[in-house]
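Visitor: Positions annotated as ATP binding site by TrEMBL: B:Lys100, B:Lys140, B:Glu176, B:Glu177, B:Leu178, B:Val179, B:Glu184, B:Asn262, B:Glu263. Per TrEMBL, domain 'ATP-grasp' is recorded for B:104-292.
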Number of protein chains: 2
Amino acid sequence: MAYVIGVIGGGQLARMMVPPAIHLGLDIRVLAETEGSSARLAATRVGDYHDAETVLAFARDVDAVTFDHEHVPQDVLAALVDAGVAVHPSPEALFVAQDKIVMRRRLTDLGLPVPDWAAVRDAGALGVFLAEHDGRAVVKTARGGYDGKGVRVVRSADGADDWFAALAEGEALLVEELVEFRRELAQSVARRPSGEIVAWPLVESIQRDGVCAEVIAPAPNSAGRLADVAEQIARTIADELGVTGVLAVELFETTDDRLLVNELAMRPHNTGHWSIDGSTTSQFEQHLRAVLDLPLGDTGMHDRWSVMVNVLGGPEQGTLAARLPALMEDLPSVKVHDYGKDPRPGRKVGHVTATGDDLDDATYRARAAAEFFQG
Amino acid sequence: MAYVIGVIGGGQLARMMVPPAIHLGLDIRVLAETEGSSARLAATRVGDYHDAETVLAFARDVDAVTFDHEHVPQDVLAALVDAGVAVHPSPEALFVAQDKIVMRRRLTDLGLPVPDWAAVRDAGALGVFLAEHDGRAVVKTARGGYDGKGVRVVRSADGADDWFAALAEGEALLVEELVEFRRELAQSVARRPSGEIVAWPLVESIQRDGVCAEVIAPAPNSAGRLADVAEQIARTIADELGVTGVLAVELFETTDDRLLVNELAMRPHNTGHWSIDGSTTSQFEQHLRAVLDLPLGDTGMHDRWSVMVNVLGGPEQGTLAARLPALMEDLPSVKVHDYGKDPRPGRKVGHVTATGDDLDDATYRARAAAEFFQG
């Protein structure tokens, strides 16, 4: 019998798990939030992942459940575990990815390098932190943020009053030093329940307006110690938190040569999309292997460089399909990934990847391809 | 709006069109023969492709119809064309692939190199051909043969009496010289309706019991004139027959240094499966691009060599899934393709591909992986 994998959430990450599931002969089933989701081809059920009954019914007869996102509530995850379902990553590991304050605390306890931080509940506490950090800091909501949402730079103690006012009993905001960084990096690894860990090369991630815009794999000038340290950080987190599946660790390379952990994601991540076209084993195939506790695949690269550029929806833009012929005509070597989503402004609706032995050339081709969709 | 592609037939070729359709954002729909077909994930309808009503209902609102196999009857194809459906390859082109005698006649008329052949209707005519060819020949049914079925070596005029007896009015058998060949090669190209043609490298195909067992891309020692001639033959056939989509041309390299056309297939073909893991654009992506008249993709190779080995069902064999962990443990760089089919003896149920700079090493890994499934 084929392995059966259930994915909660019908976004582009679930969508991109479908091709490797087809090739490996896995039976992939998706619980989507809506009809017409990005992963609609594999959506066997549409329903609310906040509802334990819905999720339990979906998870019947699967070998493992995994996720398109980290938002499934802990009580639903607990119900799955109680029902004997293999949940990967585990609720305990996911708990750390679901709450930025919990995450900072765990990483600090593990002795891993993170920006200075504090959990603050009011303007007074924020003011104290600001005073200690040159009058500026980053405030983040502990839960629910993504792609720059729930993140704000503040320069005065009243800069987060609206968020403080919205806090429930016992909740707090995360405040962090405004890190002066040279660049952002990301290190992805995959870990099986049995403990095997395999890493991809360290990559550079270029953000625009708080959203990942481009990824270069491997990160230029990252051979040697920088790559070793980044991989060791990701391995430590995966091991210590017992992560199963893909773990992506976003890192700051600071202007004073520190490597600090920024964010964690316990699932395939935007900074690993290049691996579909650039690596022997993509992060989507590896995630499926890992959560089913199958031996992990080789992560060697096809070419020296892979460059991925995101495609965002914009006001002038129709569907990507309308722009496809011109792009293909001009750039026959670029790989296109259309998430089948309505192209609302700012929404990630696809990505393009170019690979090759010359970084400038690959970058040019990937950017030019994205321009066809966005220009 | 997304492009909509309809595929008639739910076998592994339709199945392997699904991953590139997902990535390109195409809406792929499959008319499958049965529930639980290899391409079941994209099967929007189950029905009989011999029935024009069924096929017309399936083809409503698609941008183009293409095929998993060449068996759709000409009257059904004509009904599609009459209804204004874009059918690729066209019924006229498919007609040549559906009947081996028609094919031999067209290739001969085009001046292309083929084995000596004749259409024979009785033992007398077969005897005449045998007398002219050292008393041995290959007899083939004009229609319906595949994977060695409908093919027989004969050494006496009565060697095909059962097939002669089964011929309907106006039908004939194809008889061909028994070619002494050094090896079998295959040249695939893709052609758009607008005329653009792109070729993959010439490959070597190793048959066992009339079934493709292994493919090496590119064919060893094939640089220069051999590759040029093979590509020119395939381009000529694609152009002259007006083929749209992938065309695979199986060739004999004879012991007296001729290159003869053996068979044609107007669809992705077993000899092109290596391209999923070995080429920038796989034959499945290219076929979709071609039949939708989208510009064709780059066919460069990731590595110097790609070796594909077929996995056949066998008497001792359970599902491939049961053997997957051991294979993945030993061979982390081999790519597995499980067609999701019941592993009946002799049936193609999957394939494995290894790529690399060293042919012996890639061959070893691909064969070892296939052994895990078949051993």
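Each residue, glycine too, has its Cβ placed from N, Cα and C.
A quick note: this is a predicted structure, and the numbers were derived from the prediction, not measured.
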Visitor: If you measure every Cα to Cα distance among B:Lys100, B:Lys140, B:Glu176, B:Glu177, B:Leu178, B:Val179, B:Glu184, B:Asn262, B:Glu263, the residues said to bind ATP, what is the biggest one in Å?
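Guide: Farthest-apart Cα atoms in B:Lys100, B:Lys140, B:Glu176, B:Glu177, B:Leu178, B:Val179, B:Glu184, B:Asn262, B:Glu263 are separated by 18 Å.
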Visitor: If H, G and I count as helix, E and B as strand, and all else as coil, what does DSSP give for B:Leu178 (ATP binding site)?
Guide: coil
Visitor: Which ones in the same chain are close to B:Leu178 (ATP binding site), with CB under 8 Å and 6+ residues apart in sequence?
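Guide: Sequence-distant Cβ neighbours: B:His133, B:Arg136, B:Ala137, B:Val138, B:Val153.
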Visitor: So if I draw a 10 Å sphere around the Cβ of B:Lys100 (ATP binding site), how many other Cβ atoms end up inside it?
Guide: 24
Visitor: On average, what pLDDT score does this prediction assign to the domain 'ATP-grasp' (B:104-292)?
Guide: 95
Visitor: State the count of C-beta atoms found within 10 angstroms of the C-beta of B:Glu176 (ATP binding site), not counting that atom itself.
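Guide: Result for B:Glu176 (ATP binding site): 21 neighbouring Cβ atoms inside 10 Å.
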Visitor: For B:Glu263 (ATP binding site), which residues in the same chain are close in space, meaning a Cβ under 8 Å from its Cβ, but six or more apart along the sequence?
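Guide: The answer is B:Lys100, B:Met103, B:Val249, B:Glu250.
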Visitor: Report, as a single number, how many Cβ atoms besides its own are within 10 Å of the Cβ of B:Glu184 (ATP binding site).
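Guide: Neighbour count, Cβ to Cβ under the 10 Å cut-off: 21.
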